[in-house]
Amino acid sequence: MSSVKIECVAKEGCRLGESPVWDEKEDALLYVDITGRKVCRWSPLTRQAQAIPVDAPVSSVALRKSGDYVITLGTRFAALKWKEEVVTTITQVDKDKANTRFNDGKVDPAGRYFAGTMAEEIRPAVLERHQGSLYTLFPDLSVVKHFDQVDISNGLDWSLDHRTFFYIDSLSYSVDAFDYDLQTGKIGNRRSIYKLEKEESIPDGMCIDTEGKLWVACYDGGRVIRLDPETGKRLQTVKLPVDKTTSCCFGGKDYSEMYVTSASDGMDKEWLSRQPQAGGIFKITGLGVKGVPPYPFAG
């Protein structure tokens, strides 16, 4: 598709950009810099990003029905008041583990906040294996743990009929599906729907479009790929000018723009000189598909 256009919109590079979420109310893109320890909001009007510093690695951000945001911070689910720059802890997980932190998170169609953990990295994607778990924060602020033995808990989303939960544990190099019960938030019957090719490298963040196809950012693969979860086939590859693409979401007025976060951590000077936009936020237009607006946390 020759009409696809890629532009680096937020150039002040993140160390580890992640969790892009479109905030319709603010007409802005939210995202986090995990190791840079900040929550950012980029406005297409001003072309500027505001950043709020936090006291631990912040790995995901989500909208909240009552206003403002919820975040995963260290091993805590927390609330963030944007104007006041105030963070309050909701609850903590992994209390029995000294060296884990949350990674990617997203809100389900019923307003529950799903997020998983991983061991702290020694170097990017190098860590103690099987230390992570997948959790849900319910609107009543209770937490359920779904399973453990996770390497790097990563991309997640739900099918358009809300009957399937899609999930990535990065070091399995697989995109997985679960049966999903929207009433209870329970998951089961795990299966792999796509195994990544060698050049696609590590599956990271993920989102779904209005045709029910999945988009997966490939860390160290410098691309986002579009997958059909029914057939397990790759439908499209969009290459970016940076290797460490981390996550993706749809946004803009009609959710026809894709935003992709990236990282610069783990790159030496020579690598960075070849990829000066590493850590930037990219906007992709002309994909010919639209995305699904994000769900707000109901608690």
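Backbone N, Cα and C define each Cβ position, glycine as well.
Nobody curates TrEMBL annotations by hand; they come from automatic prediction.
Here is what TrEMBL says about this protein:
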type	residues	note
ACT_SITE	Asp204	active site, proton donor/acceptor
BINDING	Glu18, Asn154, Asp204	divalent metal cation binding site
BINDING	Arg101, Asn103, Glu121	substrate binding site
DOMAIN	16-264	domain 'SMP-30/Gluconolactonase/LRE-like region'
Could you tell me which of these recorded positions, Glu121, Asp204, has the fewest other Cβ atoms within 10 Å of its Cβ?
Glu121
State the Cα to Cα distance, in Å, between the residue listed as 'active site, proton donor/acceptor' and Asn154 (divalent metal cation binding site), rounded to an integer.
6
Integer average pLDDT (0 to 100) for the domain 'SMP-30/Gluconolactonase/LRE-like region' (16-264):
97
Quick one: Cα separation, Asn103 (substrate binding site) versus Glu18 (divalent metal cation binding site), in Å?
9
Under a criterion of Cβ-Cβ distance under 8 Å and sequence separation of at least 6, what residues of the same chain contact Asn154 (divalent metal cation binding site)?
Asn103, Asp104, Gly116, Tyr167, Ile168, Asp169, Ser170, Pro203, Asp204, Gly205, Met206
Around the divalent metal cation site recorded as Glu18, Asn154, Asp204, what other same-chain residues have a C-beta within 8 angstroms of the site's C-beta center?
Ser19, Asn103, Asp104, Ile152, Gly155, Ile168, Ser170, Gly205, Ala217, Tyr219, Thr246, Ser247
